[in-house]
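Novice: Pasting a structure below so you can have a look.
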């Protein structure tokens, strides 16, 4: 619990500093092997050390702790299996984590006990799920067997009924017959007295006992022709009955005696005649694939209209072979064609779709489209061929009896087996859920612990392992102000392990470039992410993220400025901010991106509201907050242009006077105003970026960059664009339409600043009288132009020549004095070739260094006294040991680099200044779109004559206006303004001082994993 308390409070009350990255210290930790896991666990809970991989050349299989990682990966696979099974059963996973076990170092015995428990759960759960899967398969087999038995019984019933019609020789009166509507097939209990399994009986007429006629079965005559191909099932099955047997004198010939009326009535009802013949109903079966099988409604007609006697027609008496089975419906047509061609048409096939009930699919069975088929064949050889072909199509064959009583018995057996299987499946499901409930209560803790243990061993794989001394050596980066926390974590690990040997940490000097660690909070994180997307600040470099907190929403607002739109955006952002605790759990990439920038969105909305007040623009309408500074003549003619009269001595207090929004020249005025405002803001923004160069140069001790890069750039930029900004402000301060006492204009018309700037280069020293702003303007422009031209060779040649001179001086003094006398001179050089080569060499020497430790108890004294000083001196003198070779300095490379940067700066001065005109262009587009949307939706409705339906039109127009405003102006336009503001920061602003070549400080920490789980 102490480590948990320290972990939660280690970052509290620390001052944030976004101007530069935090100062980092390179540390080396000597860890005895027996307490290594405890040490790494404590450091992970603290989350303040970024370890350096000392085994970069080793593959994953060659690293020391790879077997332990594989062990926990195996446990992780078991946990993933638990997750998948829990998701199938929709069991909630407890989010509660056992803090006494998850947030402290765990001993090997505790981990083994956890692994054993997980293994037992995994074994039991896999056995239960395998058993349940096998039972589910058996259940589905019973379901298919029952459905197949039911459908085949239906087919036999149709055949039996057609036999009756065939024997009387009277064709059905129509081609539309249907079976009696059958209840759902399962659960289905077909009893011997059920109509579908009864043998069809036929009572010709009532006679005394002994005079009844029996239907006899005759064998097919050898001289009689076989049934023709494509015959009906009656022809196929009853071809051994002679039609002549039903003529006069045959035992089946009914005698027309006093019972004639009853006999004819029965015959008419069977054949479909009579007033109560057949009712219309849909057929539950397809028609046969070969021949024609007519359906008849039978149950009530036969059982109620005729008396049952011993006169029966049994399908069992017909000597024919058949194959019954179930196959996927998608394969049925192909199966039918193959059978037809293989058997040369010597077959008859019936089939029907299987209808699964909800009970059939209770246990996770897939509701595939299946069909039952019944194929009749005249011989055993053809029956065998049919079976093989059907099985090749994946069909399941069933041995279904022709005897109705046997089918009823089979159905009863299936029903009993299904009842037993239902009970067994229910018990198995309850056992699985019981196991999963036990797993779900511990799964969050197990997930967290396993991920932590994997992270621990992955970190330990980055350490050097001294097998002889049983010691781990770890190098890494740590914020300098957190060094004491590292030592505290090591002491805690030693006390918790119960060992008498402690780990030792020492701060070393190095020429390696440290990682960049910039402290952020939930407010500044979104702004810093904008900068990190462009490039991580170099260590010690000025961080533009600090200024982006203000400049980004301000530039966005200049393009998006509208009081109404800003209010809506602010409300939406406030909703995300005030409900951030609950909304943080919402998943989704798009929403997560929006939610992470909620404070950025809030600032954009607030600034847009303020700029909208300055523009006096609310949904394209002007607000009359104060009294306007202009008055319109009351006696003017509306058909002629009217000029407003300005109030003397009155200036509108804040923002743009609403009178401008109602004037015809409003667009001309606002365009001029916003264009000049964009130039002013852009120049100020870029000059501020240049000034930040000074802070970087002073921090890196590069005074040459201040004297020979910053100064010429600022003079060049101010000579041209600074003068343009001065002209804009000066022009705004002059009343160009002032009149004298005689009513004449004192000054000329306002000059064109664009022409003035162009002729400043085309005609130096002279100014067109129409473009003249003040006396002596021509001479001033000539001086400024000469200064700008002089700054070009200054930027181009000064730094390369000075570096060349310093390098020659170093060579003349010799290598022996480099470390003592020329350190200051070398600091002016860029960190391109020399510094980077030193970094590589020193890193290599440190990574390959070895430490001799006599015993574990002597680790604490290993770096004391002379040993520590000699170690630090050896590392600190790496620069002098490696030396600076003549090949490390290349004057041509430096000169070419200077030429490229000079050309780029001179050309970008114009392009970057013009790029800020996007502030004017997007602001104009936003205002015009808002105005068009108003004029096309709400304004025409407001101008309608008063009527009862006018409120309906207003409501409809408002909805259209509102949704278009949200979709076009608040979503599309805000995204456009966001991207343009981002470009102004990444290119125009950052290019003046920002290198962005660093790498982020990513400490070894468990905090992110704890929040994830």
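Each Cβ is built from the backbone N, Cα and C atoms, and glycine gets one as well.
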Novice: From the ranges 554-578, 629-653, 804-828, grab the one TrEMBL calls transmembrane segment.
Specialist: 554-578
Novice: In TrEMBL, which of 677-697, 740-760, 845-865 is tagged transmembrane segment?
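Specialist: Of 677-697, 740-760, 845-865, TrEMBL gives transmembrane segment for 677-697.
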Novice: State the residue range annotated as transmembrane segment by TrEMBL; the candidates are 581-598, 599-616, 869-886.
Specialist: 599-616
Novice: Match it up for me: which of 489-510, 511-532, 709-730, 907-928 does TrEMBL list as transmembrane segment?
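Specialist: Per TrEMBL, the stretch marked transmembrane segment is 709-730.
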Novice: For the transmembrane segment entry in TrEMBL, name the matching range from 458-477, 778-797.
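Specialist: So the range that TrEMBL calls transmembrane segment is 778-797.
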Novice: With a cut-off of 8 Å between Cβ atoms, can you find at least three pairs linking the transmembrane segment (952-972) to the transmembrane segment (554-578)? Only pairs 6 or more residues apart in sequence count.
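Specialist: These two stretches do touch.
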Novice: Do any residues of this chain, six or more beyond the ends of the transmembrane segment (599-616), have a C-beta under 8 angstroms from a C-beta of it, and if so which?
Specialist: 522-527, 530, 549, 552-554, 556-558, 560-574, 576-577, 622-623, 625, 654-658, 661, 923, 927, 974, 978
Novice: Report, as numbers and ranges, every residue of the chain located at least six residues beyond the transmembrane segment (709-730) whose Cβ falls under 8 Å of a Cβ in that stretch; write 'none' if there are none.
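Specialist: Sequence-distant neighbours of the transmembrane segment (709-730): 676, 679-680, 683-684, 686-687, 690-691, 693-694, 697, 753, 756-757, 773-774, 780-781, 784-785, 787-788, 791-792, 794-795, 798-799, 905-906, 909, 913.
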Novice: Same-chain Cβ contacts of the transmembrane segment (778-797) under 8 Å, 6 or more residues past its ends?
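Specialist: Same-chain residues near the transmembrane segment (778-797) but 6 or more away: 708-709, 711-713, 715-716, 719-720, 723, 760-761, 764-767, 898-899, 901-902, 905-906.
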